[in-house]
């Protein structure tokens, strides 16, 4: 499959005026060269950096295949398609055993660290094409997509138990302690509010209504358990190997799996002082829960052994725009990414697209712009795009127009709820035809409302398009089709009726 050192590959070209079919054919040819050669170098004969790389492989006695882009008829198009595949526009562009090394500097860095030698020693007969550490939304999506594409895949997932021995099943934060239980408990709260509203709408009930926490938690846990089982079944159906063990890098391309012992809880003396008075509490506990967010679990999986860089303060992993870390064959998706959104749908999208780029020759990257999200508090908040503060920072205040209003949902009127609690706001860029760059709503079903407008924002929603849209009356989403008051006008936005 590989050629003697210095052998030049030739690539026939369908000629100028490339059709999309011809372009796709060229991409398949390039992927064929990458797949079919132990070392594949895309080069230019006059490039000094390319010469250095060739000399490096020659000194190592390594056979490589070289395509000189300045010596083929269609070199410019070859380089363009190659840049789409690799996100690198320069030469040399180097692959070793199908791993994209990058250019001259990264190849020499890999040689100095020993990574290049390790890759050259491999005969591509790995146990798996893809190993995923972490069975959360992004990892599972990537694993299943890769399996659908015919690759041999393993998922390693293990949740370190709490001192009390509490753990959870496959599915990650979202399924077990995040989105799913959060939304179900949110629904429980809404039902309680609906009971209070019901009498105002003529519903009479004499029996005292009470809530049983245990009944709710048992029902929610049962649902989560069914989801855990569903994920395991889905992996099994796609022939993905699932191991409930802790994964840790021990060297390049080698991962070990030392289910951790549960251990026993220690004792902690806790001293707490009230912020609203002089009261002080002092007790001994074996478990203390600090609800201050989540840490990235990246410091104990051996990343330092293979040179993967992390943010030492947060544990987050920096990646490029194709989710690739500084070690070419290691990628990261989901909540552990530095500077990206910690949202389940984002992780799922990124995981799927990563598998398609790695194993199906696809080019699509995850779009982290204008991602909608919701806070499921009893009064929901939904947003998409920029906050007003961030918009001012990016575009300057004088280039923005902010439209806003308080509103009173019709279902709140008879119930007698506050008529100036719900709020709608859009932020528009004056310099771009008043394009909506920020969408915010506080009110019932804000998540459902935001999801629809997010699609419109992806299509370039403007204030004029909102004005031209006929609303559904009476709904909360309708308010965005009738926004008139700008924040800069200082006019009153309180509501007196529906």
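Cβ atoms are placed via backbone N, Cα and C, with glycine included.
A TrEMBL annotation is a machine prediction, not a hand-curated record.
Features as listed in TrEMBL:
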COMPBIAS  11-22  compositional bias 'Low complexity'
DOMAIN    128-255  domain 'FAD/NAD(P)-binding'
DOMAIN    275-351  domain 'FAD/NAD(P)-binding'
DOMAIN    371-482  domain 'Pyridine nucleotide-disulphide oxidoreductase dimerisation'
REGION    1-22  region 'Disordered'
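In terms of DSSP helix, strand and coil, the domain 'FAD/NAD(P)-binding' (275-351) has 12 helix, 10 strand, 55 coil.
Residue counts for the domain 'Pyridine nucleotide-disulphide oxidoreductase dimerisation' (371-482) by DSSP state, with H, G and I taken as helix and E and B as strand, are 42 helix, 33 strand, 37 coil. Within the domain 'FAD/NAD(P)-binding' (128-255), the DSSP-based counts of helix, strand and coil residues read 66 helix, 17 strand, 45 coil. Along the domain 'FAD/NAD(P)-binding' (275-351), the predicted structure has mean pLDDT 90.
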